[in-house]
Amino acid sequence: MPRYKTVEQVLSLMKDRTRVRNIGIIAHVDHGKTTTSDTLLAASGIISPKVAGEALALDYLSVEQQRGITVKAANISLYHEAEGKGYVINLIDTPGHVDFSGRVTRSLRVLDGSIVVVDAVEGIMTQTETVLRQSLEERVRPILFINKVDRLVKELKLSPQEMLNRLLDIIRQVNNLIDMYGEPEFKEKWMINPQAGNVIFGSAKDKWGFSLPMAQKKGINMKNVIDAYTASDKSKLEELAAQAPINEALLDAAIKFVPNPIEAQKYRIPKIWKGDLDNELAKAMLNADPNGPIVFMITDMKVDPHAGLVATGRVFSGTLRSGEELWLVNAKTSQRILQVSLYMGPTRELAEEIPAGNIAAVLGLDRARSGETAISVGFSNVQGSFERLHYISEPVVTIAVEPKNPKDLTKMIDALRKLSIEDPNLVVKINEETGEYLLSGMGFLHLEVSLQLLRENYGIDVVTTPPIVVYRESIRAKSQVFEGKSPNKHNKFYLSVEPLNDKTIELISNGTIREDMDSKEMAKILRDEASWDYDEAKRIIAIDENVNVFVDLTSGVQHLREVMDTVLQGFRLAMKEGPLAHEPIRGVKVILHDAVIHEDPAHRGPAQIYPAVRNSIFAGFLTSRPTLLEPIQKLDIRVPADLIGNVTAVITRKRGKILDVSQIANMSRITAEIPVSESYDMASELRGSTGGRAFWGTEFSRWAPVPDSILLDVVTKIRERKGLPKELPKVEDFLS
């Protein structure tokens, strides 16, 4: 099918929202997402059917093709016919490796349905559970595709009955997850049911697949599958692919089970839009109204070497046209659209307009970042934006980088800036003391890929330090009230600190409690769910990005209101670098009990207020059993039953903890936790001790206190690395 014709068809169909489906392909790493996408693209005439499954068209970065994993979420609009009608399917292929799960979270926001790909042999892995949970939290309806069914025949040599049992077991596990994480009103309706047709069995690599209704209609059963793989020649396999093409099975199911934007936005907008649902913007979104005001949710920023920054996202209402002026809610500025296009894999095809319900790529919004909301400029005073995206992981590993050739320094700084625009989970910082450029990522692979992108896209070779694990500082007890004085002695603050309980940390981390919410609503939740005193909770005035809160319990302090912004800035600065090892502070409640403020503004500027606030917080911190928190990783390991002992030995050696061991057929599943600091050579150790027969997944689990037995050693090493004095600060150092 000639490509220009497809683009024309796609553009004309986009206007009929009942014919649009926004779907993503999500899975654990290596379960076959990109191969599945390729097979779908081949059917739409976008890549040659002969190379589908090997072309990895959506893995268009060379780093992806070399490593065989998807790093970026790639978009494409497909044309598909079902029951005589044409449909536009906006397809997003997302990364499965846990280091890139931030990109999955962003792409889910713009989808209405997801194809969950599961390897028939490996079954449900850590990342499958994570992405399915994220999908359900965003009210994205799942369809199941059990891929690599050929492995059950070729590798495990199962009989038809054993194959059926294995497949039913995977379906049961997926339904358990839907039951666990789905919302009450969707659970029943979204359960996976083979009879209904929302589960596909197949092999993306060999291009065949079917649902039960399709198999019954075409007279196919599992015996045909076994015959195709046990036959001496390939003709039976080709016959199977011709009789049950995978693209037909998957796209027909997507059209039948994934709602169109009009249906989906009615129940998804109340979940993801935080703002009044009765205003004109919200009403237009609830109806996916192409004639309403524009609301464009940006999920991805890409640097195009020829065109500059390209913003990709979903049009929830209105119609995007070039020349249109939009207000960027987070950046608080307006910008004009220079060009509107849609993605066909790595290439962008120009479009005159893209209406509500579709995915668009836009030039001109170079001040936007991932997670930005762009709206019609006349609505800039309307309160509301999309709910903050919750990333399952956070950056936990850091390296220092410098260019091999010192002349490349400005080029490297510019390239790092561009990389961090494209990937908000990559944090770039400058160490003020040493002048080093620090790069923090979600894991070792995330940083490796970023360095490879620096080399390939920007031609910069860099020298790096070995990876450093990121820590947090925290406390385990309540402090007394300490007085912090400003350097000129004219301002005094009386503050105390105490640890936040686990429930409060959870409520803030998952976005239930936000700094910008109504104080009464916040106080009610904290009282009912986290045992707070209602009046104290009502007086929370700041929550920072590392889950620390500031409570103002003062009454009638003169001039406090005029300096409160400076006080809060001082609080945020203190939380960025704690006294133990200059690592960020996490999980601390700071209470302001009283203050004395000088009446003359000249004597109460930031240079006076910041140190006074910081000193009393740090004095309290050092008397409250301070500790370091280290990032802990969850491991999900599958291994033949006779090798359990080898795996548990590796985990125990790395300060790990076995959480669960279960048996599935002749494979054992081990769930465990280990500190990220011990995981650097985990892959080679596991491979070595099991002869390469273990496969596993990892994800960020939680922050946990460093054991007391090694605490001082870890703190000393961090202080040495940062060039800080060897001896720890004392309380007296902060009390002048």
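Each residue, glycine too, has its Cβ placed from N, Cα and C.
Record features (Swiss-Prot):
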- 18-234: domain 'tr-type G' (DOMAIN)
- 27-34, 93-97, 147-150: GTP binding site (BINDING)
- H603: diphthamide (MOD_RES)
Discussion item. Long-range neighbours only, meaning 6 or more apart in sequence with Cβ under 8 Å: which ones does V149 (GTP binding site) have?
Written reply: A120, M163, L167, F201, G202, S203, V225
Worksheet item: Do any residues at least six apart in sequence from H603 (diphthamide), in the same chain, have a Cβ closer than 8 Å to its Cβ, and if so which, in order?
Response: N488, H490, N491
Discussion item. With DSSP assignments reduced to helix, strand and coil, which class does A27 (GTP binding site) get?
Written reply: strand
Response to the item:
Mapped onto three states, the DSSP assignment of V149 (GTP binding site) reads coil
Item to complete: Please classify the secondary structure at H603 (diphthamide) using three-state DSSP.
Response: helix
